[in-house]
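Undergrad: According to TrEMBL:
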- HIS4, GLU179, MET180, GLU181, SER203, ASP204: purine D-ribonucleoside binding site (BINDING)
- 16-219: domain 'Nucleoside phosphorylase' (DOMAIN)
- GLY20, ARG24, ARG43, ARG87, ILE88, GLY89, SER90: phosphate binding site (BINDING)
- ASP204: active site, proton donor (ACT_SITE)
- ARG217: site 'Important for catalytic activity' (SITE)
Amino acid sequence: MTVHIGAPVGRIAETVLMPGDPYRARWAAETFLESAELVNETRGMLGFTGTWRGHPVTIQGSGMGMPSLSIYANELIRDYGAKTLIRIGSCGGMQSDVGIRDVILAMTASSINTPSTGIFRELNYAPHADFGLLRAAADAAAESAAKVHVGGIYSSDVFYDERPDLNEQMVRHNILGVEMETAELYILAARYSVRALSVLTVSDHLQTGEQLPSEERERSFGDMVEIALKAAFA
Ligand code: GMP
């Protein structure tokens with residue numbers, strides 16, 4: 001076990017899906033995994049390990065924001081030997097052709113600040129997805145009913161943003177959606193030579209103000225989980 005994950009070493013699979021919301025970790029484990037068992041509940045950040053089509057998989061909540069995700073991703077990679085980390089989360093749509101319920105595969109993640117900004121100093125590192133995972137997810141997405149977009153996203157470190165001009169610049173530069181975790185996930189994966197990808201469902205839209213109705217969330221999020229699992233084991 002680690003400071004933030006109570007599972008014994010060996011109870012976490014090499015492939016980890018990471019939703020922000022721990023209750024969504026439980027829902028995804030119950031819906032998609034066979035023989036899922038609760039392996040972590042430290043601080044209520046639920047983690048489950050089971051199998052998907054015979055492959056061991058852990059679904060571990062990351063919490064919201066890059067500092068929280070960074071704690072779980074660091075421990076999963078460095079202490080438990082995770083090799084493939086796929087964020088399954090929600091984001092706000094930023095382009096007019098990106099609708100709610102659509103799925104975004106995040107090729108890159110722009111940001112103004114991540115927990116790693118301090119080490120890069122004047123460098124402007126470009127956090128990017130693992131290409132093999134991204135390609136496999138794009139192939140899996142072609143079979144799914146969801147409309148799928150591949151491109152850059154924006155990992156913000158605030159939800160209640162006092163700088164709407166930043167969102168405007170992101171929209172102007174063709175960024176598809178905004179969320180709060182991916183840039184740091186991609187930086188950590190590169191640092192430790194493991195694979196990472198974010199598969200996101202558009203839950204709200206910045207321009208139209210539309211929001212995914214709560215009764216539809218599960219079905220829409222299901223497409224994303226399936227794409228993530230197929231990509232991990234392609
Ligand atoms: O509600 C915030 C959580 O959902 C964070 O974990 C974000 O990754 C994600 N999220 C979904 N939609 C949005 C959005 O419109 N803006 C931001 N900043 N985060 C979002």
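The count begins at 1 with the first shown residue.
Any Cβ shown, glycine's included, is placed from N, Cα and C.
Keep in mind that what you see is a predicted model, and the values were worked out from it rather than measured.
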Undergrad: Using a Cβ cut-off of under 6 Å to any atom of ligand 1, determine which of the binding-site residues HIS4, ILE88, ASP204 qualify.
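TA: Going through HIS4, ILE88, ASP204 in sequence order, those close to ligand 1 turn out to be ASP204.
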Undergrad: Run through GLY20, ARG24, ARG43, ILE88, GLY89, ARG217 for me and report the recorded positions whose CA is within 10 Å of the CA of ASP204 (purine D-ribonucleoside binding site), in sequence order.
TA: none
Undergrad: Could you measure between ARG43 (phosphate binding site) and ARG217 (site 'Important for catalytic activity') for me? Cα positions, answer in whole angstrom.
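TA: Roughly 25 Å, rounded to the nearest whole number.
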Undergrad: Compare the C-alpha of SER203 (purine D-ribonucleoside binding site) with the C-alpha of each of the recorded positions ARG24, ARG87, ILE88, SER90, ARG217, and give the closest one.
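TA: For SER203 (purine D-ribonucleoside binding site), the closest Cα among ARG24, ARG87, ILE88, SER90, ARG217 is found at SER90.
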Undergrad: How big is the gap, in Å, between the Cα of ILE88 (phosphate binding site) and that of MET180 (purine D-ribonucleoside binding site), rounded to a whole number?
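TA: The separation of the Cα atoms works out to 12 Å.
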Undergrad: Restricting to the recorded positions HIS4, GLU179, ARG217, which ones have a CA within 10 Å of the CA of GLY89 (phosphate binding site)?
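TA: Correct set: GLU179.
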Undergrad: For the C-alpha pair, I'd like the distance in angstrom between GLU179 (purine D-ribonucleoside binding site) and SER90 (phosphate binding site), rounded off.
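TA: Roughly 7 Å, rounded to the nearest whole number.
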Undergrad: Rank the recorded positions ARG24, ARG43, ARG87, ARG217 by the number of other Cβ atoms within 10 Å of each Cβ, and give the residue at the low end.
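TA: Taking ARG24, ARG43, ARG87, ARG217 as the recorded positions, the minimal 10 Å Cβ count falls on ARG43.
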